Amino acid sequence: MRLKRNMSDNSQKKVIVGMSGGVDSSVSAYLLLQQGYQVEGLFMKNWEEDDNEEYCSAAEDLADAQAVCDKLGIHLHTINFAAEYWDNVFEYFLAEYKAGRTPNPDILCNKEIKFKAFLEFADEVLEADYIAMGHYTRRSFPTAEGEKPKMLRGVDSNKDQSYFLYTLSHEQIARSLFPVGELEKPEVRRIAEEQDLITAKKKDSTGICFIGERKFTEFLGKYLPAQPGKIETADEGKVIGEHQGLMYHTLGQRKGLHIGGQKGGNGLEDAWYVVDKDLKRNVLIVGQGKDHPRLKSNGLVASQLDWVDRQPIRETMTCTVKTRYRQEDIPCTIIPIDDENIKVIFDEPQIAVTPGQSAVFYSNEICLGGGIIEQRI
């Protein structure tokens, strides 16, 4: 009994596990079986690859998911959500890049696909009581009448994925289980090896799911025409290079600028960082040193808000925020502008706060929700 759950009443509960072909979902299915649930797997295909493309991991992932389900003795269903993904995730992704922002499609995939389309299919077609995913996050299990389940950080602080799940409501959390959120990653791999699961040593997937191991610039260039332009220094406005497209760059970026070795106006040879984008002139603005003043922000404005309890914030409140994944918590104050927009003031200035990314708020272990960063302050 690896997880802290009462197993006495689980045998009548059906759980559909999102089987990705990775180690986390594999161990999630195993743990749920150990807890006595009726477990079935569901493999999602969210992206249609060209047959000509070298990158084609979906077939491999499906084979691994099937092998794990066979080993565990559970049925694996498959579903194609490629159309939903294109309409609700990928088109937004392209629109944001076209607007010079840096979106996070994984958050939108969780919102529109894994905890909406997947949940609806599991509910209506497979008659599930719960769905389960291999995310490193936890949820509370209410004990008092009227109490609602909360989204909590995962036990493994290095792998905690609550940042990607801030859009979930109490109702979605109530229908979801996160077995590996109670464990640290090495323990998950150990269980997979112990159970002789084919995914035990499989490398974690990295990057954006539909791009995989391909070069980001090549992939994006297929869908959005690149517009080369000048690279200017923030301090003197001096042209020191050319970029291949603003969409390929993000605030705080140091690598891939191809302007190394050039001294700034102060004669220093410090590394150059992207500190801003001038969309009107199609100019990439760079400064020297990661502490360049143009990289720093005292706060942000966020919109497209998703609070876990679905109630807008009406009064000023203090909490902590992350403006990117795996960032240390930043103490801050939230000031409501209206129901759709908030101003956030950091206790200390922060670097590389990036429009298009998500600001996610916490009260200790509890994820409160978040929104999309519209602008830096």
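Every residue gets a Cβ built from N, Cα and C, even glycine.
According to Swiss-Prot, the residue from GLY36, GLY73, GLY100, GLY134 that belongs to the ATP site alongside GLY18, MET19, SER20, GLY21, GLY22, VAL23, ASP24, SER25, MET44 is GLY134. For the pair CYS109 (active site, nucleophile) and MET44 (ATP binding site), the C-alpha distance works out to 12 angstrom. Same-chain residues at least 6 positions away in sequence with a Cβ under 8 Å from that of GLY22 (ATP binding site) are, in sequence order, ASP61, ASP64, GLY134, THR199, LYS202, ASP204, SER205.
Between the CA atoms of ASP24 (ATP binding site) and HIS135 (site 'Interaction with tRNA') there is a gap of 7 Å, rounded to the nearest whole number. Summarising the ATP site geometry, the residues cited as binding it (GLY18, MET19, SER20, GLY21, GLY22, VAL23, ASP24, SER25, MET44, GLY134) extend over a maximum Cα to Cα distance of 16 Å.
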